[in-house]
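Visitor: The annotation domain 'Major facilitator superfamily (MFS) profile' is assigned in TrEMBL to 7-391. As annotated by TrEMBL, transmembrane segment applies to 9-29, 41-66, 73-96, 102-123, 130-153, 159-182, 203-225, 237-257, 269-288, 294-316, 328-354, 366-384.
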Amino acid sequence: MKQFKVRSFVLVLIAFVLGFSEFLIVGILDDLGAQFNVPVATVGYLVTIFAIVYAISTPFITILLGKYNLFGGLLLMMGIFTLGNVLSFLATNFVFLAVSRIITASVAGAAISIALTFVGYIAPMAKRGWLLSWVFSGFSIASVVGVPLGTWISTNLGWRMSFLTVIIISLLTIGLIILSLPRDLKVKESSVKGQISLFKDKRIRISMLLPMFNLAAIYVFYTYLRPIITNQLHFSVGTLTILLSVFGISNIIGNLASGRLSEGPGMRAMPTVFIAQFGLMMLMPIVFNVSWLGVVVLFLVIFTMPLLNSPVQLFFLQVAETDYPQSIVLASSLNSIFSNFGIALGSATGGVIVSHAGLMGVGPGGAVYAVVALLLVVSLNKMVKKLVQSKK
């Protein structure tokens, strides 16, 4: 049991440092804009670039790594990830920084995919949902601790020190991986054609779009969370760090609730989640005129963001284990791949909306994507129900 707890902690730490690096930009947009003399909206496109590279590179790298030892593949990905953050720390201009973020993004998805694959090997079936929710909570903890800490460090010591913090945690994580994770795990070897046969399944083709539209809805406004808090809701920079922590706590609670959902109704609960998301986002133009009411609505919307995580991740793994065992690592990557397509879509949409309509338009813009997610999950649930009935 002690070994299981240590390994679980390491997997959560991997998610934390990956999330810290990815989300850090959101908290230091203004500082980077001032340093490189570019508009905040332009700096915001670093989020879009990171997400697009992450989403495009992850399936190719996971397919290539699929026939190799999981331990060695994870170490390689974490090493390149650390190098990318070193280059961000050394960046002398905006283009240099963008290139360093591309390097980091290119391996981050494969790293978390391998970490999620480890869950299936080290956790008993009864603990899978629990451990998955905690690994995803690693990203939320990065929001609670990492992003506010990175923002505080950037404000007081400079943005380079924020990246140095990521580098130090990355090196610590690599050390713990070497000391604790099993070294002999390997998935069933298969050709590229065999692995991508997963995409022939209509359940997979529909379900993989859910993380995309879920996070597209959220990131229309989440990319611009700092200016929303300071410029639209008129809170001070000092209060900003506190509110980012509060929103991060909301995200952690949502992730843990996601684990409970995966053990209960699972995907059947998602239509209710997306309806709530839609309603809250449509309220944003109204409540943004009242500071604390705006905070309450943001807290609730951010709570809904991770509720899909564990149910859809378990769904991917169950379909792969039953029908496509050769595609287990690729299946593990689908949530993160399409989440980042969603981040790219949402942040790009948010950039267009902010440029043309201002911050008041981001809520209704995100609500459109929430409706798409709702329609998709209703269709998927009907398909699964019909399949179950046909097997009786």
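Each Cβ is built from the backbone N, Cα and C atoms, and glycine gets one as well.
Neighbours and distances for these, please.
Guide: Same-chain residues lying 6 or more positions outside the transmembrane segment (41-66) and placing a CB less than 8 Å from one of its CB atoms are 22, 25-26, 29, 32-33, 73, 77, 94, 97-98, 101-102, 104-110, 113-114, 187, 189-190, 192, 195-196, 219, 223-224, 326, 329-330, 332-333, 336-338, 340-344, 347-348, 350-351, 354-355.
Same-chain residues lying 6 or more positions outside the transmembrane segment (73-96) and placing a CB less than 8 Å from one of its CB atoms are 14, 18, 21, 32, 36, 38, 42-43, 61, 65, 103-108, 110-111, 114-115, 118, 160, 163-164, 166-167, 170-171, 173-174, 177-178, 181.
Non-local neighbours of the transmembrane segment (203-225) in the same chain are 26, 44, 47, 244, 247, 267, 270, 274, 277, 281, 284, 298, 301-302, 305, 308-309, 312, 315-316, 319, 331, 334-343, 345-347, 349-351, 353-354, 359, 362-363, 365-370, 372-373, 376-377, 379-380, 383-384, 387; each lies 6+ residues outside the stretch with a CB under 8 Å from one of its CB atoms.
Residues 210, 214, 217-218, 221, 228, 232-233, 261, 294, 296-297, 300-301, 304, 307-308, 311, 359-364, 366-367, 370-371, 373-374, 377-378, 381 of the same chain sit 6 or more residues outside the transmembrane segment (269-288) yet have a Cβ under 8 Å from a Cβ within it.
Beyond the ends of the transmembrane segment (294-316), by six or more residues, the same chain brings 116, 128-129, 132-133, 136-137, 139-140, 203-204, 207-208, 210-211, 214-215, 218, 221-222, 225, 228, 232-233, 243, 246-247, 250-251, 253-255, 257-259, 261-262, 266-267, 269-270, 273, 276-277, 280-281, 283-284, 287-288, 331-332, 334-335 to within a C-beta distance below 8 angstroms of the stretch.
Outside the transmembrane segment (366-384) by six or more residues, the chain places 202-203, 206-207, 209-210, 213-214, 216-221, 267-268, 270-271, 274-275, 277-278, 281-282, 342, 345-346, 349-350 with a CB less than 8 A from a CB of the stretch.
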Visitor: What stretch in 102-123, 159-182, 237-257, 328-354 has the biggest tally of Cβ pairs under 8 Å against the transmembrane segment (9-29)?
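Guide: Highest pair count goes to 159-182.
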Visitor: Under an 8 Å Cβ to Cβ limit, what residues of the same chain, 6 or more beyond the ends of the transmembrane segment (102-123), are close to it?
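Guide: Sequence-remote neighbours of the transmembrane segment (102-123) are 4, 7-8, 11, 14-15, 18, 21-22, 49-51, 53-55, 57-58, 61-62, 65, 70, 73-74, 77-78, 80-81, 83-85, 87-88, 130-132, 135, 181-182, 185, 187, 313, 317, 321, 328-330, 332-333, 335-337, 340.
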